[in-house]
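*Asks:* Following this message is one structure expressed as structure tokens.
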Amino acid sequence: MANQALCLYLYALLLVKSCEGVLELRLVDGRNPFEGRLEVRDKDIMGRQWGTVCDDRWGIKDAEVACRQLGFPGAAWAHGGGRFSHGAGRIWLSELRCDGSEDNLGACAHGGWETNFCDHSQDAGVICHVPGYLGCYRDFLLPDDRVFYHEYLRTFAMTIQMCTEHCRGLGYKYAGAQRGTECFCGQDEHFTRLGNRRKDRECQDQCAGDPDQVCGSGYLENSNRLTIYDGKGRL
Ligand SMILES: [Ca+2]
């Protein structure tokens, strides 16, 4: 307890970035286990009560850290505004400032424990990527340099499930969605070439058939971005 008091003192003086070890996280009130309102607790604070995170400065970098810590392969979206219904009780954290490389949320700078003027209408949430998600990859536009060039499908009903089923049905191992409406299939690991894997946050186009899903992105630095799945599909 003395250590914790010292830590909080140093934290208040801004001499340390964080007083916590590894925070515990959970997702609540989502439609599936991969999404929900984010709740946190710390073993040393207030008898391990679960509390929420305020959406002030809550963004995709913070969501990437939270989703990875929860064991998911990446983050699709960071949500605020109580998207997953409003929590109750303490609002533990706000002003999360993860740079996206941390392996747990407790390693990110923040505004201090229960130091905020938020209410539960601002509870932060996440939608994490599901099993089968392999990452956000660059797709170059030169014909010889395409990541996937088989079986192009384009539809305004595009979802990850539709794309993976389309590719699996044709016998392909991988499915990649891009620009919200397009699906490509692939058979080899060409896409894993060094440097092609990008941060989750470079794939931020909503799937046209389901805005809660990510379908790659459009043109960015001479290439598109593919959201790639291994064909196991979603859920
Ligand atoms: Ca942030």
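Quick reminder: no glycine exception, Cβ is built from N, Cα and C everywhere.
What TrEMBL records for Cys54-Cys118, Cys67-Cys128, Cys98-Cys108 is disulfide bond. According to TrEMBL, the feature domain 'SRCR' maps to 25-129. Annotated domain 'WSC' per TrEMBL: 130-232, in sequence order. Sequence annotations record features per position, and here TrEMBL assigns signal peptide to 1-21.
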*Asks:* How big is the Cα-to-Cα gap, in Å, between Cys54 (disulfide bond) and Cys108 (disulfide bond)?
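*Replies:* Here the two Cα atoms are 14 Å apart.
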*Asks:* When neighbour density is defined as the number of other C-beta atoms within 10 angstroms of a residue's C-beta, which of the disulfide-bonded residues Cys67, Cys118, Cys128 has the lowest density?
*Replies:* Cys118
*Asks:* Could you find out if DSSP has Cys108 (disulfide bond) as helix, strand or coil?
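*Replies:* Coil, per DSSP.
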*Asks:* For Cys108 (disulfide bond), list the number of other Cβ atoms lying within 10 Å of its Cβ atom.
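*Replies:* Cys108 (disulfide bond) is surrounded by 23 other Cβ atoms within 10 Å.
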*Asks:* Quick one: pull the CA-CA distance for Cys108 (disulfide bond) versus Cys118 (disulfide bond), whole Å only.
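*Replies:* Cα of Cys108 (disulfide bond) to Cα of Cys118 (disulfide bond) measures 19 Å after rounding.
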*Asks:* If you average the pLDDT over the domain 'SRCR' (25-129), what number do you get?
*Replies:* 95
*Asks:* On a C-alpha basis, identify the one among Cys67, Cys98, Cys128 that is nearest to Cys118 (disulfide bond); the candidates are the disulfide-bonded residues.
*Replies:* Cys98
